[in-house]
Amino acid sequence: MSNTSLVTAFILTGLPHAPGLDALLFGVFLLVYVLTVLGNLLILLVIRVDSHLQTPMYYFLTNLSLIDMWFSTVTVPKMLMTLVSPSGRAISFHSCVAQLYFFHFLGSTECFLYTVMSYDHYLAISYPLRYTRMMSGCSCALLATGTWLSGSLHSAVQTIMTFHLPYCGPNRIQHYFCDAPPILKLACADTSANEMVIFVDIGVVASGCFLLIVLSYVSIVCSILRIHTSEGRHRAFQTCASHCIVVLCFFGPGLFIYLRPGSRDALDGVVAVFYTTLTPLFNPVVYTLRNKEVKKALLKLKNGSVLAQGE
C-alpha cells in the first residue's frame, strides 16, 4: 500500500433510498441480519447434534453457514450505522481496507465452496457405491481448506491492487461498504490496469466456478435420468434443488455488478443487497424448508428440548 495516501478516512454514501425511510430500512435490515445469524447458528447446531447429518454434504453446509454469518457481518452492521446518523457513514482508511479484504475473501470462498458442493452432489448421485470412499473425511477437509485458502489469495490480490494506489482527493465512496469499483474512482492515478486485472480476476473465478457448477449439474441430470425408480429420481432432484437456488441467488447479482461494462452507483448498491444481505438469509431458509433431513433433525431437537424442560 502506498505511503503517499493523504486520505485517512472515507465517507460511505450508504444505500440509495428516499428521504425519510431511514428508520424503516434500519428496522428491515436489522431484522434480516438477526434472522441470518440465528438461522445459520441453528443450522450449525442441528448438524452438530444430529449424528445422521454427519455427512460430506452437511460438512460443506457447515462451512457455508459460517461464511454466511461472517459475510453478512462484514457489511450489514456498517450499513445500519449509515442509516442511524451521518457520523456513522465515516470509515477509517484501514477499516476500509479490512472490510474490502474480508468481503472478497468470504465472497470468493463461498464461490469456491458452491463449486465443491456441486462436485460433492455429482459424486453422491453418479457414484453412490464409491461415494463414501471418494469423499472421506480427509478429502472433505482438504477441499474445504482449499476453498478458504483460495479465497484468501484471491482477496489479497484484489486488496493490494486497490490500495497500492494513492488516494489524495475525494473521499466519498458511492456505496454502503468498501468495494473495489467505487473506491478506484477516488484514486489519484490511472486505474485502467487495476480495473482490467479486477475484471479478469473476478471474471475468471466467477465464470470458471459457474461453468464447473453447470458442467457438474449436466452430469448429475444425465445420472438422474438413468435412475430406474421415480422415487429415486425425485429424491436426487430434491437433493440438488436447494443448492441450485442459492447458487443462482449468489452468482446472478455478482456477475451483474462485476462483469458488465460501466458502473451505475445507485443500481450497483441496490443489486449488491441481494448477495450481501439476502443470500446469507436464503441459505438457511432454503436448506431448512426444502430439506427433509434437516426438518426432521429440527423436530427432534425441539422435542428433545421440550422433554428436557419437562424433566
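Glycine too: its Cβ is placed from the backbone N, Cα and C atoms.
Quick look at what TrEMBL lists:
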TRANSMEM  30-47  transmembrane segment
DOMAIN    39-287  domain 'G-protein coupled receptors family 1 profile'
TRANSMEM  59-80  transmembrane segment
TRANSMEM  100-119  transmembrane segment
TRANSMEM  131-151  transmembrane segment
TRANSMEM  202-225  transmembrane segment
TRANSMEM  237-258  transmembrane segment
TRANSMEM  270-289  transmembrane segment
Among 30-47, 131-151, 202-225, 270-289, which stretch has the highest count of C-beta pairs below 8 Å with the transmembrane segment (100-119)?
131-151
Across the domain 'G-protein coupled receptors family 1 profile' (39-287), what does the mean pLDDT come to, as a whole number?
85
